[in-house]
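S.K.: Sharing a structure, written as structure tokens. Questions coming.
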Amino acid sequence: MLDTDTITAISTPVGEGAIAIVRLSGSEAITITSQIFEGKNLQEVPSHTIQYGKIIDPGTNEVAEEVMVSIMRGPKTFTREDVVEINCHGGMVAVNRVLEIVLAKGVRLAEPGEFTKRAFLHGRIDLSQAEAVMDLIRAKTDKAMSVALKQMDGRLSKLIQKLRQELLETVAHVEVNIDYPEYDDVEEMSHAMMKEKSKEVRDELDKLLQIAQQGKILREGLSTAIIGRPNVGKSSLMNTLVQENKAIVTEIPGTTRDIIEEYVNVRGVPLRLVDTAGIRETEDIVERIGVDRSRQVLKESDLILFVLNYNEPLSEDDKKLFEAVDGLEYIVIINKTDLEQQLDLDEVREFAKDRPVVTTALLEEQGVDELEKAIADTFFTGDIDTGDMTYVSNVRHIQLLKQAKQALEDAMEGIELGMPMDIVQIDVTRSWEFMGEIIGDTASDSLIDQLFSQFCLGK
């Protein structure tokens, strides 16, 4: 599974910029770069240094680019191989020219995520740490970045390894009892001891799963729909949160005829904000399409921001919207409180039941702090603490933790039924294997290939 050839790729985003980087990794990385580099002898310079020089096109013997070359010798590198990073001028022409010259020397173009995959296969990081690399790149808030950094640092890995070790010692103890019953110096593993150990690990997994939803929110963001009758201030709400005009705000009801999306950071919680067309019955075919799409978005949302107009009584359409969001997670926003009151607030609270109700005058920027607090408090109690918490944010990890927990509960049930110890240990071993998939110890080659294929090229 481990390729040993030298690979290369552009490691910086496509487009114009001050600097672009062509990365190489493999046993021939330094040798090949030295063949196209005019400057100091790269094979003799100290590791982890950067050298100024020029890239020479072997085909024309002309200067192709002025560069700074970083030399890093394995195993003290990300991939644990020799690594070279050619820093050239930004822009597609310059960086592609350097890449073409490197490829012409026989270096293979890297597959997506192959540098990180090599780091994993060489034991530099485990699978959960490798996945955290991509989470870090995709992080949309400081809190999400903090969670990814801690996972990259091995916080989750160390906990999983500790729990797996406890299960492994338990299984090994049982096997010694079964295979070598004559060993009097080895205490027999009783059903009570096995149940106690299984419960201890199960409880630790349960703690992780209890805050897993919060971790998933920090990683992926909340799909948040803004709903309400036309002209109640939905676009004004989005504009206030995004702090730039993404939707046209007019006095004509029904202006927003399509789905408008934007990511926003609300007190560390990433929201994928969706401004829907006003949900109402309409004869306008174009608007009706937008309304149908809005209803679908509603069903798929994690959170709904339901906007009402302080300047108008509660309408039949408003009441239908309350019916539509019944059983869903939503916050009621009473907007336009700077105008004359026509809305019965007691009636609104009766329809909202125990859901949060926030008053705003968005065009006057009033009530925004209270709204942001209500959003954060809906999913997090108080300030979001990423310092001492071990968050599980990856859906794959969450599913495996659930399976590991269930396997231990199966073992505990077997003990209650008086099943033989060698049968009970099968479920304990299953739990150990499920946790091993998180860090890659028991993951299949096909799973590993599939995970790394989701990475960006050059990472």
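Glycine is treated like the rest: Cβ placed from N, Cα and C.
Okay, these came from Swiss-Prot:
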BINDING   R23, E85, R124, K459  (6S)-5-formyl-5,6,7,8-tetrahydrofolate binding site
BINDING   231-236, 250-256, 275-278  GTP binding site
BINDING   N231, T250, I252, T255  K(+) binding site
BINDING   S235, T256  Mg(2+) binding site
DOMAIN    221-380  domain 'TrmE-type G'
S.K.: Find, for the listed binding-site residues R23, R124, K234, the residue with the lowest Cβ contact count at a 10 Å cut-off, counting only other Cβ atoms.
M.R.: R124
S.K.: 10 Å Cβ neighbour count around E85 ((6S)-5-formyl-5,6,7,8-tetrahydrofolate binding site)?
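M.R.: Its Cβ has 19 other Cβ atoms within 10 Å.
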S.K.: Between K234 (GTP binding site) and K459 ((6S)-5-formyl-5,6,7,8-tetrahydrofolate binding site), what C-alpha distance do you get in Å?
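M.R.: Here the two Cα atoms are 40 Å apart.
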S.K.: S235 (Mg(2+) binding site) has how many other Cβ neighbours within 10 Å of its own Cβ?
M.R.: 22
S.K.: Measuring CA to CA, name the entry from the binding-site residues R23, R124, K459 that ends up nearest N231 (GTP binding site).
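M.R.: Going through R23, R124, K459 one by one, the Cα closest to that of N231 (GTP binding site) is K459.
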S.K.: Can you tell me which of the binding-site residues R23, E85, R124, K459 is spatially closest to S235 (Mg(2+) binding site)? Compare CA atoms only.
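M.R.: Closest by Cα distance to S235 (Mg(2+) binding site) among the binding-site residues R23, E85, R124, K459: K459.
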S.K.: Need the DSSP three-state call for R23 ((6S)-5-formyl-5,6,7,8-tetrahydrofolate binding site) to compare against my parser.
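M.R.: Looking at the DSSP assignment, R23 ((6S)-5-formyl-5,6,7,8-tetrahydrofolate binding site) belongs to a strand.
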S.K.: By the DSSP assignment reduced to helix, strand and coil, which category contains E85 ((6S)-5-formyl-5,6,7,8-tetrahydrofolate binding site)?
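M.R.: In the DSSP reduction, E85 ((6S)-5-formyl-5,6,7,8-tetrahydrofolate binding site) maps to strand.
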